[in-house]
Amino acid sequence: MVAFQLAQASPHFAAASEASYAILPHSLWRASVVPIRSGVPTTAPVVSAYAPAEKNFAADFLLGGVSSAVSKTVAAPIERVKMLLQNQDQLIRTGRLSEPYKGIGDCFARTVRDEGVLSLWRGNTTNVIRYFPTQALNFAFKDYFKALFNFKKDKDGYWKWFAGNIASGSAAGATSLLFVYSLDYARTRLTNDYKAAKGGSDRQFTGLVDVYRKTLRSDGVAGLYRGFNVSVFGIVVYRGLYFGMYDSFKPVLLTGKLQDNFLASLALGWMITNGANLASYPLDTVRRMMMTSGEAVKYKSAMDAFTQIVKNEGARSLFKGAGANVLRAIAGAGALAGYDHLQLVFFGNKHGSGGA
C-alpha cells in the first residue's frame, strides 16, 4: 500500500520500484528500505516502510533503561544485604567484618545500626549508572538478536522458537557486558566496602572515581576486568534464561485478560528471575569473590577461586545470600514488567517482550 501510494505521487519512486531493496536488521534500523540501483538511475528518497508500526532501537534502549533503573533503586537495600551475605567470609578474613551474619534480618539490623539507614543504598548510584545502560542494551540487543534469528513459533515449531529466545537473551547479555563490566566491578567494590571492624581502618573508597583510581594504581587496567571470563559464562546462563523463558512463557501463559496485566507480568517475571538467579548463582559468587580479591586475598583464575571457595568454605558458600536474592528478584521482574508496560503506554500497542 505504501509503495502504491508513493508510486502514484512520484515518478522517481515508480522507477525505483523496479530496483532491488535491502532491509537492514530491523531491530537496529527498523526496516529502513534502501533502494539498490540495478541499472535504473533514481533519486528516490529512503523510505522507512515499517517505521510507523515499529518501535526503534533508541526506544528499546530508553524504556528498558528507565524501567530497570527504577526497579533497581527500589530493591537496592535487598541488593546490599545480599552482597554482604555473599561476601561475608572474605570480609571477615580481611578484617572488615567482626563476626558472621546470622541471616538476612541480622544483616539488615546490623548494617542499619552500624552505618545508618541510607547505607542500604550505598553503591546504588553506581549501580544505576551501570544498570541503566546494561539493561537498556540488554533489551535493545535482545530484540535485535531475536530479529536476526527470526524464529517463529508457528513456522519453526515451539522448541526451535524457544531455543531462539534463549540464544537471543544470552547473546544480548554477553554483548552488553563488554560495555559495562568495569562499572559492575566498581559497584561491587563499593557495595562490599563495609565499615571496618574495631581496630581496623575506615572505608577503603570514597566513591566511584576513587575505586577506579586505586584499582588502576594497584592492579592496572586488568584489575577492572578481574573475573570477566567467569562473568561472561554466568551472564550467558542468566540472561538466556531471564529473557528466553519470559519471552517464551509469557505469550503462552498470559493470555486474555492477563495479556497486558502488569501484576501478572510482574509475578511471571519474578518466578523466572528466581529460576535464572538460582541456576547462575554459583558463577555469580565466584565472579564477585574475584572482584573483591583486590583486597588481602587474591585468586589466580576463576577455577582457582572456585576451588579455594569450596575447599575453605564448603560448597554451600557458593549459595550464600541466595535467600536475599529471592527478594531481590523483584528488581529483575520489575524491569521485565515495567518495560512491557511502558511500551504499552507510549506506543499504544503491545511491543514488549514475548510474542510468537
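Just so you know, glycine gets a Cβ as well, placed from its N, Cα and C.
Curation does not apply to TrEMBL; its annotations are automatic.
Residue counts for the repeat 'Solcar' (55-148) under DSSP (helix as H, G, I; strand as E, B; rest coil) come to 77 helix, 0 strand, 17 coil. Per TrEMBL, repeat 'Solcar' is recorded for 55-148 (among others).
Annotation source TrEMBL lists repeat 'Solcar' at 160-252 (among others). Across the repeat 'Solcar' (160-252), DSSP classifies residues as 74 helix, 0 strand, 19 coil.
For the repeat 'Solcar' (260-345), residue counts in helix, strand and coil come to 74 helix, 0 strand, 12 coil, using DSSP. Annotation source TrEMBL lists repeat 'Solcar' at 260-345 (among others).
Marked as transmembrane segment by TrEMBL: 158-181 (among others).
Residues annotated as transmembrane segment in TrEMBL: 223-242 (among others). Through the fold, the transmembrane segment (223-242) approaches residues 138, 142, 166-167, 169-170, 172-174, 177, 181-182, 184-186, 212, 215-216, 272-273, 275-277, 279-280, 283-284, 286-291, 293-294, 301-302, 305, 332, 336 of its own chain, all at least 6 residues removed from its boundaries and within a Cβ separation under 8 Å.
Annotated transmembrane segment per TrEMBL: 262-283 (among others), in sequence order.
Counting residues 6+ beyond its ends, the transmembrane segment (262-283) has Cβ neighbours under 8 Å at 230-231, 233-235, 237-239, 241-242, 245-246, 249-250, 253-254, 306, 318-319, 322, 325-326, 328-330, 332-337, 340-341 in the same chain. Sequence-distant contacts of the transmembrane segment (158-181), counting only residues of its own chain at least 6 positions beyond either end whose CB sits under 8 Å from a CB of the stretch, comprise 130, 133-134, 137-142, 144-146, 148-152, 224-225, 228, 231-232, 235-245, 247-248, 356.
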